[in-house]
Amino acid sequence: MQTEARVGVAVDGGVRKLVQKQPPPQQIGTLSQLLAGGVAGAFSKTCTAPLARLTILFQVQGMHSNVATLRKASIWNEASRIIHEEGFRAFWKGNLVTIAHRLPYSSVNFYSYEHYKKLLRTVPQLQSNKDNVSADLCIHFVGGGLAGITAATSTYPLDLVRTRLAAQTNFIYYRGIGHALQTIIKEEGLLGLYKGLGTTLLTVGPNIAISFSVYESLRSFWMSHRSDDSPVVVSLACGSLSGIASSTG
C-alpha cells in the first residue's frame, strides 16, 4: 500500500512556502489485529503452559493426595514428579486446546465489545452525555464486562476441557479434546460442559471490564498528548498496562 504526502501552500510575510503534510498514522486492520492477537496469545500461552499446569495441579492436589504428600508439596517437587512419572512433554498437557480456545475467545471478545459499545451509545442518558468522560468510562466498563461474559460463555466448553486435561496425572481418563467432549456429554449431559461457568463469569466479567476501561482511557490520554506515536507501540503499551491493572484489581 502506498502512502501519499500532500503539499500545501502557506503564506508567511507575503512569501509563499510549500509545506509538506504528513499522512495520518497507518491504522491496524481488524483482521490483522485478530490474527496478531491470536498468534501472540497462543505463543504466550505455550511459553507459560508449564506454570499453568503446575497451578492447576496444586489447586486439585487435595483431592488426590494424602496429608503427608501435601506437607511436602512445592513447585520443585511437583515439577520433578511430572518429569519422572509423565515425561517432560506432560508440562504441555491441555496446551493444544488452550491454543484452540484462544482465537475464538479473542474474536468473540473483540467483536462483542464493539457491538456493546454501539448499543450502549444509543441509551438516551449516555447519548446526551456523549462528550462526558464519565459516560465514556461507563460505556467501556459495561461494554467490556458484557463482552467478557459473552466470550467466556461461548467458549467455556473448551476451557473446561483444557482444565480437565491439564489436571490428569498418572491415570489418563480423557485421551484428547474430542474424546473429552464426547465423554463429558455422555456421562454428565450437555450442561456438564458448563460446570463452573457461574464462578468463571464472576471473575471474567470484572476482569475484562477493568481491562477495556483502562486500555481505552490510557490510549485516549496517550494519543491526545503524543498523536505521532506508532499505533502498534501505543496498543502494546496500553494493553500491557491494562492487563496488569485487571489482574491486580
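Each Cβ is built from the backbone N, Cα and C atoms, and glycine gets one as well.
It should be emphasised that the depicted structure is a prediction, and the values quoted were computed from it without experimental measurement.
The repeat 'Solcar' feature in TrEMBL is assigned to 28-119, 135-221.
Confidence for the repeat 'Solcar' (28-119), expressed as mean pLDDT, is 76. Under DSSP, the residues of the repeat 'Solcar' (135-221) split into helix, strand and coil as follows: 74 helix, 0 strand, 13 coil.
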